[in-house]
């Protein structure tokens, strides 16, 4: 029963009895006396509230007897019309009492007896409201209303003065409350500003703390807005001309669009390559009208200069945009991201990685790809397959178009797919690396690599035994597995000839790719590797191998031509099947992941010195990371701006050295003054100069470490191994152990990708 309801009932009944009190003044005093007694009884009851339910019943009986006495005293003096009012009040009181008794009875039936609370007692006497501490109304107008209600008395001068004083106090209290509220409001606003990032962190989905879905099930609900298509082609201005054989020629819109793709790349090395030019011209002619085909027969006679200059000017104009123009573009992009860049997966908002469909253009490929220069066609809604859940709203295609297909497959992770025209491969729109699906896949990958740790010795013993096998196929497989384990080579995939660049992996090594040296640079049994690896990046390495491996390689190369396969009895299918037999889920990539992660962990233990400062520890980490990148052949060409950035860094180092020399001279001078003066002021100056020297020494060391790091990493790509092959928990544990801020190792994107590892890893984690 609510406190307001009890209060109202007691108020009505009190007013009702007040009318009789004017007629019976003597009885009024008696009632007041009884009221005080009752109040005392109630306070005692409250103190004894921890006693048994039987005591509660006794107190209620006494309470009811008092009520009967009161009713008898009042009824003898009342008029007939007031009897009816009183009967109504009685019925109301009985209902209240009945509800209170029922509650107590219910508690008894449930097998427990709770101590009586004032909140649960029926307000039978009608003279006062229940005390503040027991009844908690939702809202009360002011503090004074919470005091016990007292029967009305005939007003006297003292009462009037008291009331006036209370009103004044109340006004003062209200003013104070208003001021406090304003302060609280301001404080709350400032707190909200401070706490905003925390709130965002709290909202991050900690999927790693939840139970995983059954094997094969990727999601239960998926809804998204579909892809964003490339904008339609905008024809060139009239002033931008295309020339063929020295004459102006107006191209049809389709032919002009493809011509602009070549014009944009005119200064690039690609446009000088014969295969690129040949493929481009062939596909461009397909887009021409018959008249254009008859005229344009030789690419060398085409002049794209004005087109190229127009796009350069456009690029320069974008760079010279005002802040307002740049802000407007940024806002438009953010609006697009907000609408299309997120999906709802299992009641969580997940970021989409690539929601924009790639615009049409010319295919470049990796390395010397045989299809470079071919036209990548514009993708239309009719090429698109949408994947979402059955109960989700299917995204609407652009007006006048329709989707190729809508699927509801929760065993795949892609949202949108289409087939590109160059290689016939399927392209996908997937979730961001920070999503649950990608995070779970990463976690599983590193856990599989950790499982390999338990059986790697057994596998190594097995392939060593197989080096002596009578079967040539088994020997070749064992040597290939040794290279995958020791050198982190890729197993390779089956390729169609002429479809891709001539890149080589372990199973596709040819005789021409290795040289055997019984002795080289003071080492025995050295194998020299030289072949184009993934993305046509050269793999060059001189590795000392075990004697039996060297002898087997000599055997495999017997009576073979340079272009013949080294492992002629082996392919990736045979090797991968063998790996699966050794351990469930084992692939060449698992070996690379295992060797990369274990190398990082070992290198960090060797290189990290406990007494080093943070910049020195970061240098140690990068050196450990570099060892992994070299193992995995993660190379890169030195950045174009490398020399310039190194010169700038060296200038900073030289300037810092000059500052340090000046600071040391100042310190020496201050020490000399302190010896002569011998006062507190000069001592303070010396301390200040000392701190300045220390600060400059630290700054100089940071710059020198940075220069060393850049020089060592100019041709090594650390990011590839950090993102794809190194268990992030090794890095997180190292950071926590040595007090290195995780922000110094992982950037914002990487921290989002590895949020699961950052949250769950302690400093004592071992791979």
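Using the three backbone atoms N, Cα and C, a Cβ is placed for every residue, glycine included.
Going by Swiss-Prot, these are the annotated features:
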- 1-23: compositional bias 'Basic and acidic residues' (COMPBIAS)
- 24-39: compositional bias 'Basic residues' (COMPBIAS)
- 40-110: compositional bias 'Basic and acidic residues' (COMPBIAS)
- 131-168: compositional bias 'Basic and acidic residues' (COMPBIAS)
- 181-201: compositional bias 'Basic and acidic residues' (COMPBIAS)
- 105: SUMO cross-link (CROSSLNK)
- 119: SUMO cross-link (CROSSLNK)
- 119: SUMO1 cross-link (CROSSLNK)
- 155: SUMO cross-link (CROSSLNK)
- 2: phosphoserine (MOD_RES)
- 10: phosphoserine (MOD_RES)
- 59: phosphoserine (MOD_RES)
- 114: phosphoserine (MOD_RES)
- 174: N6-acetyllysine (MOD_RES)
- 282: N6-acetyllysine (MOD_RES)
- 508: phosphoserine (MOD_RES)
- 1-201: region 'Disordered' (REGION)
- 490-495: region 'Interaction with DNA' (REGION)
- 318: site 'Interaction with DNA' (SITE)
- 366: site 'Interaction with DNA' (SITE)
- 414: site 'Interaction with DNA' (SITE)
- 445: site 'Interaction with DNA' (SITE)
- 503: site 'Interaction with DNA' (SITE)
- 534: site 'Interaction with DNA' (SITE)
- 576: site 'Interaction with DNA' (SITE)
- 634: site 'Interaction with DNA' (SITE)
- 652: site 'Interaction with DNA' (SITE)
Nearest-integer angstrom distance between the alpha carbons (Cα) of residue 508 (phosphoserine) and residue 366 (site 'Interaction with DNA'):
18
Spatially, and counting Cα to Cα, which of the recorded sites is closest to residue 634 (site 'Interaction with DNA')? Options: 318, 445, 503, 576.
503
Candidate with the highest Cβ count within 10 Å, taken from the recorded positions 282, 366, 445, 534, 634:
634
Pick out which of the recorded sites 318, 652 has the most other Cβ atoms within 10 Å of its own Cβ.
652
Recorded positions considered: 503, 508, 576; fewest surrounding Cβ atoms within 10 Å belongs to 576
Argmin Cα dist to residue 318 (site 'Interaction with DNA') over the recorded positions 282, 366, 414, 534, 576 returns 366
Sorry to bug you, but what's the C-alpha spacing from residue 414 (site 'Interaction with DNA') to residue 445 (site 'Interaction with DNA'), rounded to the closest Å?
19
Taken over the region 'Interaction with DNA' (490-495), the model's mean pLDDT:
68
Could you state the whole-number distance in Å separating the C-alpha atoms of residue 414 (site 'Interaction with DNA') and residue 282 (N6-acetyllysine)?
34
Cα separation, residue 282 (N6-acetyllysine) to residue 366 (site 'Interaction with DNA') (Å, whole number):
20
